[in-house]
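What follows is one structure encoded as structure tokens, with my remarks underneath.
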Amino acid sequence: MLQANFFNQVFVFPILNLLTLFYKLFLIIGLPGAFGFSVVALTVFVRFLVNPFFKQQLETSKKMADIKPQLDKLTLKYKKEPQKLQQEQMNLYKQAGINPAAGCLFMIVQFPIFIGLYQTLSLLLTNGQGEKLINSINKVLYFPFLHVAKIDPWFLGFNLALTPAKVKLWYYYLIPVITGLLQYFQTQATMPAMTSTAPTQTKEITKNDDPNKKKDESTGGDFQKAM
């Protein structure tokens, strides 16, 4: 059930040990719904762990939004010279302190951590409370004091080991709905605000980069003066 492969040893087992540590601590202080609170604590800890990568990703996105008008200008200027356009874009990225590959790198770093978190929770919440599962968990725990005899899945009136489809109670569907809404609002709150002036700036760039239009406007002005 818990195979000692590379991914599990690097990601799943440490996360499982941390979750069990939170669970034991909450049991010691007599906190009701200890397992649910340990899941919350683990999620917050993992989020804190990847926060530097997430923050850097947001900063890169903000910088990309700031230089978008300049990128649009380069696209218009070198639209018939792809190699020159790429060179100028890289120069602009360098001046702005942006590594175009950084965004992908940050996602790659975070991805296995969240996969490990998902697999850990899935293991505990979908495989019941059988003796075989408990023994399997205890074998990969780093310290004897972390060993568990059973895990109580009840949290705020919900059995976390049951899916909405299994329990067939409508209020169980609130859990994924609320989780999705919280994730949505968190994403909206943390994403850098895109400047509303970007389209206007792009139009101004287009206008300033059109010498024929400038010439026509100048000629029209002279004609009006002559009248």
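Keep in mind that glycine also has a Cβ here, set from the backbone N, Cα and C atoms.
Sequence annotations record features per position, and here TrEMBL assigns transmembrane segment to 7-29, 35-54, 100-121, 141-162, 169-186. As annotated by TrEMBL, domain 'Membrane insertase YidC/Oxa/ALB C-terminal' applies to 35-192. Here TrEMBL flags 196-227 as region 'Disordered'. Taken from TrEMBL, the feature compositional bias 'Basic and acidic residues' covers 204-218.
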Query - Interface present between the transmembrane segment (141-162) and the transmembrane segment (100-121) (three or more C-beta pairs under 8 A) - result: no
Query raised in the report: Can you name the far-off residues of the same chain, 6+ from the ends of the transmembrane segment (7-29), with a Cβ under 8 Å from a Cβ of it?
Result: 35, 37-39, 41-42, 45-46, 112-113, 115-117, 119-121, 123-124, 137, 140-142, 145-146, 148, 151
